[in-house]
Each structure stands twice: as structure tokens, then as C-alpha cells.
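Heads up, the thing below is written out as C-alpha cells.
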């Protein structure tokens, strides 16, 4: 029995020694031994082979009855505006048949609206050999099945223990390091050590995700005293960005593991955590942000203006609060490659631990980060217009769909004002067309 215990201790020590020597230490120093690159090369070749096998295995492709206009689309929509579509049926006056237009739009929204589908995982064009994404894919060949089984063994018996070890090291180092640094008096030494801890631990955590991050246009990286705004897909967005530079973060208070990390990191760095439902918290956040931006020696602030996680196919409405405090805005676009793993956090379905387990049993996290030129509020431009301009720039750069809807619809009911807006538009159309119809022949309305 003692021999088994000694063997287990020896194996554990050997395992940790290899992890520290080959992964943790190089990550902390910001160097790579080429292990991640070799793994990604093998993974890409395997998925390419699997895609070819799947395409060959489809003997009789099913006829496509409907054109799919966008990702995750299952119905064909007519995007003609209300006024043009109804005017094409008749002119000027109300007709009972107009009801059918609104009924059709209602049925389309029930079957597939453009908002709620952004809160579920993106559908893949080709299967990536993960069980959780094989809804639309079926048995093709024995060879492909064998490769899938080998993949399951590799992911759960080798990658999961390795990633769990790295995550435990990274999170523990983050909590302990920031707690210790937080005891130091405010000053340049504390700020320097805080940046070292955040940067080092973020690099280890990226390795725990088998992360391959491509940073573009580094000359546009956020500067001190500025505000960095980015589209939001997952809590790991912050790790992805901190892997290349440190930020003072602003975000919602969380419980559980996330809460422990938040309470530890705020001791060493001026992060701002708040409760969105508390009005006094929001006023306090605005005040803190103004003070932070006024000091050009402080770290740039990292804000996700959508306020919730979106599935990385679109960018939804930016809250205007981040754009009211002044200062220079540094937009950042983040785009994940779903072929290697789904980075989206469906917080209404999975807690943070379940989400991390799904991430750690995926193949890898691959994403592109684009630093964009700084933007400032134009003269005569209000906060909402400025927010929309920044959102449009991020959507274009990341190849994402731009949606005007509030991400808060993920949990809240649709406001009555949205329904009333459709009624107002229809009423205005009837009044305008009716006025035009009452004009004498040969005249035009203004």
C-alpha cells in the first residue's frame, strides 16, 4: 500500500514538473517551445480530413428548399420595408388584408427571430468531431468513427487533466498574487507588480485553453487613460486581451468562482465591479470612470458595452454610459473560430464551472483580435450616436452582424414601447398616404 502511495506521489511530482518546465515557465516568460503550434497543425489537418470524409460520405445531398440568408437561418425572409410591401398591395387606405402582413411577421419571429438566436451557440457548417455539435451530422464511415473515439480519449484523458492543472495553477496564482500585492501601499511598485501578476497569470490561463490568439494592428493598442471597448462573447474575452496587455476592468458582480477572482483582483488593481440593478452603483461607476480617465497614468479601462455575452455572430446595442464620460475610445473587435471550440457562454444555461468544463474539453480556442484606431466623440454627436458609430466599426472589422437590439432581452421581456413603435409606423404610413391621395391631380406633397 505504501509503495502505491509513493508511486502516486512520484507520478504527481513528475507530472507537475513537466507541466512547469514545458508550459508554465515558458508561458510566464512569454515564449513558446512550439508545442501549441505542433498541436494546432495536427488538429487542422485532422479536421480537414474529417470534412473531406463527411463530404464524400454524403451520397445523395438533400434538395435545399429554402435559401438560408444568414448564419443559423432556417426560414426565408422578405426584408422589404413595411411601407413598400403594403403599398405594393394597395394604396392609401386601410384594408383588412393588412392584418396578414403583421401575422406573417409574427410567425417569422416565433419560428426564428434575429435576437434570441444570438443567445445560443452558432451552428457549424462542417462537424468538428465534438459530440455536442453533431446535431445535424450522422454516421459516415467506420474510419471517421474511430478518429472520433480517439479524439474523445485525447480530449478527456489527456487534454482535460493538463488543462485543469494549468487552470488551477493560473487561477490560484492570480488569487494569491493579487491578494499579496494588494497589501502593498499604493505606488509605482504596487502598480508594476500588479501588471506582472495579471499578465503572467493570463498567459498561463490562455495555455490552459490551448489558446491560439492572433493580434492585429498592435500600433493601435489602448493607451493609459483611455477606454477600451470590445464585443462580448465570454468571460475569457478579458483573459484574451490581458494576455497582450493589462487593463482596469469594469463589469457585473458575480458569485461563485468568478466572485472569488473579482474580490481578489480588485485589491491589486482599480477594477470596478458593480451591481447593475442598483441605481446608486451605476452613479458610483460613472463617477469612478470619470476620475480614472482624468488620470493619464492609470491603465486603460476595459468595458464590454453590450452588457451580456453574445454568440460571436453579431454585435448588439452598446449601452451609452461608457460613451458619456469623455476620453478616447479604443475599439477592439474579437472574433472566435467556432470550428475548434465554442467560446460563447450561455450564462442562462451553464454556470461558470460547467462552462469552463466545456471549454477545456474542446479542441482549442482560436480567435483574432483587431486593435482599431482610436475614436473620439464628434462635435454635436450625442452618446447614443457615438456608441452606434463605434459599434458599427467593430462589427465591420470583425465580420459580425450589427443589430440595434438590447442584449438585455436575453433575460427581460420585450418592452411595450417596441410593439407601439410598429403601430405608430403603420399609422404614420396611412396618414401620409391618405394625405397624398387627397391632393389635387398634378400636385405633389412636400
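Cβ atoms are placed via backbone N, Cα and C, with glycine included.
Noted in Swiss-Prot for the protein shown:
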type: TRANSMEM; residues: 25-45; note: transmembrane segment
type: TRANSMEM; residues: 142-162; note: transmembrane segment
type: TRANSMEM; residues: 164-184; note: transmembrane segment
type: MOTIF; residues: 232-237; note: motif 'HXXXXD motif'
type: TRANSMEM; residues: 352-372; note: transmembrane segment
type: REGION; residues: 418-446; note: region 'Disordered'
Query = Same chain, outside the transmembrane segment (25-45) by at least 6, Cβ under 8 Å from its Cβ: which residues?
reply = 200, 203-204, 206-207, 210, 212, 340, 363-364, 366
Task = Can you check how the pLDDT averages out over the motif 'HXXXXD motif' (232-237)?
result = 91
Note = With the cut-off at Cβ under 8 Å and a gap of six or more residues from its ends, the chain residues touching the transmembrane segment (164-184) are 15-16, 19, 23-24, 190, 193-194, 197-198, 200-202, 204-205, 207-208, 257, 260-261, 264-265, 267-269, 356, 360
Task = Tally the residues of the motif 'HXXXXD motif' (232-237) by DSSP class, grouping H, G and I as helix, E and B as strand, and everything else as coil.
result = 2 helix, 0 strand, 4 coil
